[in-house]
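Student: Structure provided below as structure tokens; questions to follow.
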Amino acid sequence: MNAFGHQFRDYDAESERQKSVEDFYRLQHINQTVDFVKKMRAEYGKLDKKVMSIWECCELLNEVVDESDPDLDEPQIQHLLQSAEAIRKDYPNEDWLHLTALIHDLGKVITLPQFGGLPQWAVVGDTFPVGCAFDESNVHHKYFLENPDFQNKVYNTKNGIYTQGCGLNNVMMSWGHDDYMYMVAKENGSTLPSAGQFIIRYHSFYPLHTAGEYTHLMNEEDKENLKWLHVFNKYDLYSKSKVHVDVDKVKPYYMSLINKYFPETLRW
């Protein structure tokens, strides 16, 4: 089970889908290095690509094709609203969680030309820490052997450049839509609670939230926040549902949450 969805491991080993998924991870595992992540953080940390509202970004996301998503026939906004509405039904009092579900994938806009047009391997897929050993729970682990950091003695121990219990906030993750959207929320002064920001930043970190690895890097706050990520993860999968959400009907509710937790416009 990973960011490619429930069906990923059910594909026949020789299928075209399997080959494209494997090729995606080959490129991702070879190219996601400490140096690359530092470069991306510096570039996207400028937040100089666009000024727009959260809802404008939701609409812009409809232009994004996530090649890692097996269900491409629904607009992205439907996936976001399906998971948000499912959480709203089961957790009616946690409005921050409803909004987190709506916005968690907005960082995928970095595939669009006006946001730098990054390749898919630098946007989607499972995420993992760089700067320490690549745990074997990472899907298609064998391709890490071609990553320049793999042989680096500074990076290839269990803790690498980190210390036990240092907190995930001090750990560099492979670059993608999760870290970008977290950066956008944080730097624009979002008042989403810590758990909401944690979900945005680590929802693709399957080696942690599904395989249970890398826990030695977590601090106490991470452990509390991980409980909410486990809740959220069930609904993120729900977004593959065919239940169509009436956007016009639910938009006023989500606009009220956006106004509660975010400024009117944000730097992206």
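Cβ atoms here come from the backbone N, Cα and C positions, even for glycine.
Since we're looking at a predicted model, the values are computed, not measured.
Sharing the features that TrEMBL gives for it:
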type	residues	note
BINDING	R9, D66, E67, S68, K108, G125, D126, H203, S204	substrate binding site
BINDING	H79, H104, D105, H177, H203, D236	Fe cation binding site
Student: Could you measure between H203 (Fe cation binding site) and D126 (substrate binding site) for me? Cα positions, answer in whole angstrom.
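Tutor: The Cα atom of H203 (Fe cation binding site) is 9 Å away from the Cα atom of D126 (substrate binding site).
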Student: What count of other C-beta atoms do you get within 10 angstroms of the C-beta of D236 (Fe cation binding site), across all chains shown?
Tutor: 23
Student: Compute the C-alpha separation of K108 (substrate binding site) from H177 (Fe cation binding site), stating it in Å without decimals.
Tutor: 5
Student: May I ask which residues of the same chain, at least 6 positions away in sequence, place their Cβ under 8 angstroms from the Cβ of H104 (Fe cation binding site)?
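Tutor: Sequence-distant Cβ neighbours: L80, M181, I199, I200, H203, F232, D236.
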Student: Measure from the Cβ of D126 (substrate binding site) and count the other Cβ atoms within 10 Å, all protein chains considered.
Tutor: 24
Student: Please list residues from the chain of D105 (Fe cation binding site) whose Cβ is under 8 angstroms from its Cβ, counting only those at least six apart in sequence.
Tutor: L61, Q76, H79, L80, H177, M181
Student: Least buried of the binding-site residues H79, H177, going by other Cβ atoms within 10 Å?
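Tutor: H79, out of the binding-site residues H79, H177, has the fewest neighbouring Cβ atoms within 10 Å.
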Student: Where among the binding-site residues K108, H203 do you find the Cβ with the fewest other Cβ atoms within 10 Å?
Tutor: H203
